[in-house]
Amino acid sequence: MDWTLIFSRAVEAGIGTEAVIYALAAIGLNIHFGYTGLLNFGQAGFLAVGAYGVATTVATLGLPFWLGIVIGLAAAVLFALLLGIPTLRLRADYLAIVTIAAAEIVRLVVRSVALQGTFGGTDGLEAFSDDFYGMNIYSPGQYGIGPIAFDHRTLWVLTVGWILVAAACAVVYLVMKSPWGRVLKAIREDEDAVRSLGKNVFSYKMQALVFGGVIGSLAGFLFALSRAATQPDLFSTELTFFAYTVLILGGAARVFGPVLGAVIFWCLLILVKTGMEEAVNHQVITFITVNQVGSINYMLVGLGLVLLLIYRPQGILGDKREIALDAR
Amino acid sequence: MIRIAPFGRVLAVAAAASLALTACGGGEETASPASSAPAAPASSAPAAAAGDGVLTVGALLPQTGDLAFLGPPEFAGVKLAVKEINEAGGVLGKPVVEIDTDSGDTKTDIASQSVDKLLQQNTDVVIGAASSGVSKTVIDKITNAGVVHFSPANTSPEFTTYADKGLYFRTAPSDVLQGRVLGDLIVQDGSDTVAILNRQDSYGNGLADEVEKSVSGGGGEIVVKTAYDPAAADFSADVAKIKEANPKAIALIAFNETTKIIPELKKQGLGPDKVKIYFVDGNLADYSKDFPKGTLEGIKGTLPGAKAPDDFRQKLLSVDPALTDWSYAPESYDATVLSALAAEAAKSDAGTAVASKLIDVSKGGEKCTDFAACLALLKEGKDIDYDGLSGPVEFSDAGDPSEATIGIYQYDAENKYANITYLSGKVAG
Amino acid sequence: MRRAVIAFTAFLGALFILLASPAWAEGESLRGTLQNQGQPVNGVKISVTSGDGQPVGEATSGADGKWEVQVPAAGSYKVTLDQATLPAGTVLKFKDRATLSVQVFEGNYRNVLFALASGDAAGVATPPDGGGSSAFWTRVAQLAFEGLSLGLIIALGALGISLIFGTTGLTNFAHGELLTVGAFIAFVLNSTFGLHLLIATPLAVIVAAGFGYGQERFFWGPLRNRKTGLVSMMIISIGVAMFLRYLLLFLFGGENVPYEQYVAQDGIKLGPVFTTPKSLIAMGIEIAVLIAVGLALTFTRLGKATRAVSDNPALAASSGINVDRIIRIVWAMGTAVAGLAGIMLGTTQILNFQMGQQVLLLMFAGVTLGGLGTAFGALVGSLVVGMFVQISTIWIPPELKTVGALAVLILVLLVRPQGILGRRERIG
């Protein structure tokens, strides 16, 4: 078995594009769920809106890249508003169902035949990332230490990605210390109490939804740019559930929770996956086939989510008193 | 009440974070990779441009997903080719290394991760993917790493003109040809009203367009053309739409959704006994275990690729005794052999070097039909023209085969398909 | 630009083959077979000219309707059918298509088709069959029937969701997988143990009931006793869903698999609607089960107790109802009914590890539309969703049919958040 491969793949995943994307997605989710107590099961929709915003603007309409980013952000804000108006007055479980439905609507619409000329159908769009890679500060080649290496393109994505993660963490930290952030936490703890103090709860919730959604759309940009392609089915509900696992693993309502969660989640996931694949390929494990490794991986994620919530709902960094798990 | 994290907690967070990173075996690098940027390519880093003397072939083929049924023959084709190449002495004096990975389908991100893994392992040529949709999602990643992307089964016309840096090749012909053959077959069978039910992706839409052109060009009429969502829970509405148009023939351009669509067609009175149904390479498979006898009897279909000769089938069986299907095995075999020959001709295993010689070895020179013979000719310094099992394999400048063979098949009462004839032709003028 | 190139390539390539046929020969030709209603039409003159109008050749269709014209080289040709030579009563289906431009390629034949139809002397083709509007209404009827069929399956699943929510407050995201699990239990009994589906189905439903009971007894019940929050449990149910779904993928693979019996039945015509015997039987079973559950909820002691718990667990407990027992029965019954829905879905469609997940959102839509926690609301809501999904395909592309249902779900929540039969207080 190639242990170097197994460990280097795991580390690469832990600091690589997957971790960055899920860290950003989970930071957005943290604002919704961790701080405000909004049970948003439609985070995948925000990523899709961001990814398709930039991809459609550049690939379909032929407009500049930066305009694509602006359009992607605007689309995320619009999506949050549309999502928020019917749902934010409702109870947590209604909100969950409606957000998951809304994310699915986005996915189904961008993959539809009718709009194939715009969104590319089930294959999605490509050829929109040249401008982004044109800004690359690294010259072509491999960069790394020992077996851990990234090519210049990945490294550029990672540089931008981790800067965005750091910036998002900083903003979240500052915002949550501000009076505005304290209102959000108060809404999570007792919505009626906040209302009785004369605060417009609906408006605060909406702002939180927009804020977290915009950060989610940043993850969408990176998802699309890192693969130089975007496909509708990558933004299925599983993405949202993975992001929840990441968030709860790291610790909800903590600034660094999502980041730590993403790094550990991907590190472990790829460690197990590559390890099992290698074990099967070298006949160390003989009772399963390589094809079944993928499903075992997903089973472990599901099991991990269950066990975490039962035994450590606050995750690694969290504070049990700060998790809105009892809301109804 | 604000809870400000005490200093100790911050420390703990930092410690936990760094611990987590260390536990993963990596240490400190690259939260901000910029600092280590100028470091020269590390010795063990993948040699994207230079080549390391060993030709590494990465198979990116479906083990799971919609096209999983195409996986075994394709893997067997690659494995057999690697075995024969190594028996003949390998490439550049060293045995060829083969790495198998799963390409999944477009519903998952498996292909992207598999490519990462392949690039990590110094792959020079990626053989795959089977699905045009999957290839589209990884082509930028592969070609930007200076690695050859060589598909044995992509048929979407889009790849002909894709900006691939000259690194994309395929041994399967573009669907321009299959669509033309299928359309002509429908016209020949005398169906003047034709429905097309196609999978909604670059493969399905591309082929549907070609079939439509061919049918209308030959005097037939496309009365309805419906693209369906491959993930749909049921297809009754799609079939009802076709039923309304009352066609005499249906071209069903699908993957494994076929097992759901055929019962629905039969239910709504559009079974193969009532209308003429045509399959394509995406769904021309052995359905003897899926349907009762006689369900598919009379359905015709097209499949790019020449007949796999019997001795080739025997050799494939020696690699994978469980094989029952041969689709795209010759194409996979040829793709691997051609890559090896090109590496030998270029005297380098680097992706860009291999790509620069691939068109050369496919045409214009002394003809040879297996790796050992071609290798001998190359060693004598001669120009070679490899004629493979899938056809003469003459690459156009875009890296498409310019000549190809399409087989026409028909289902029997056992729901297995048998060949009627093979047709060869030039893909484009 | 890419499109232009593809179009150009395709144009260049516009043809090329000829099939296995004794007439196979080197060289290019145009050929075809003239048929009307399946009968060959002979004595019809076909003439071919080159692209610039030079005559190339002529042919007359033989007794078998076949004609063939050799052409000198690859290129573009015009093929004309002389309408005057058509036999009486036979006309071109499209009068304006008596001349076709076709491309012939090197070394290949090209088939050309002239669609013929029966018509009067004036040359007006009589429509082949039926009118456009009757075909349309047939389709509407077919879709309504499909909607009912889908709605009933959704209703079976939604019933369980609704009752479990009513009694425990849990929104179970793993309910879709309960359908899949039921379907695959039947598959194992049917395929591995060789039991006929008619025997496997009741057995599988019993096993599913046991699975539901066990799930509550050993998993959800203890979680509730630990005072696990509802949001927590909702996210736990997502973990359970992923675990179950991929366990099934692990065990059975990702392929579509059918049961041993009742695969690809021939359609039967029922008025304007096409269906299969198995769909009718499945719908009969579904209706019977729904009615039975409805009656049980309304009239039996257990049913009344269930509704009491659903209404107010604390009050029910204080009036002597064993709440835990009721919840276990609800879980067992909900899972059994969901399993039955899965088996019916597998029989009428096909088995796949994602089959339950694909209808989960529709079930939620049905439940929400009817009002969370009300069993009868779930029933009504599900039927509405099923019908809406199928009938909406008249106006929207079929692939977007789920979008319609989900959009309606959101709109309903805007104007009547408690659903059709729900009560105001439930929306919190």
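Positions of Cβ are set from backbone N, Cα and C atoms, glycine also.
If you look up TrEMBL, you'll see A:6-31, A:38-59, A:65-85, A:92-110, A:155-176, A:208-229, A:241-272, A:284-311 marked as transmembrane segment.
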Could you check whether the transmembrane segment (A:38-59) packs against the transmembrane segment (A:208-229) - three or more CB pairs closer than 8 Å, residues at least 6 apart in sequence?
yes
For the transmembrane segment (A:241-272) and the transmembrane segment (A:65-85), decide whether they are in contact, meaning at least 3 CB pairs lie under 8 A, counting pairs 6 or more apart in sequence.
no
Long-range neighbours of the transmembrane segment (A:92-110), counting only residues six or more past its ends (CB under 8 A):
37-46, 48-49, 52, 79, 82-83, 86, 119, 124, 232-233, 235-237, 240, 327-328
With a Cβ cut-off under 8 Å, give me the same-chain residues at least six positions beyond the ends of the transmembrane segment (A:208-229) that come close to it.
17, 20-25, 27-32, 35-36, 38, 40, 43, 46-55, 69, 72-73, 75-77, 79-81, 83-84, 88, 124-129, 132-133, 154, 157, 160-161, 164, 168, 175, 184, 235
Cβ under 8 Å to the transmembrane segment (A:284-311), counting only same-chain residues 6 or more beyond its ends: which ones?
1, 241-242, 244-245, 248-249, 269, 272-273, 276-278, 325
Other parts of the chain folded back onto the transmembrane segment (A:155-176), taken as Cβ under 8 Å at six or more residues beyond its ends:
15-17, 20-21, 23-24, 27, 30-31, 35, 133, 135-138, 143, 182, 184-185, 211, 215, 218, 222, 225-226, 255-256, 259
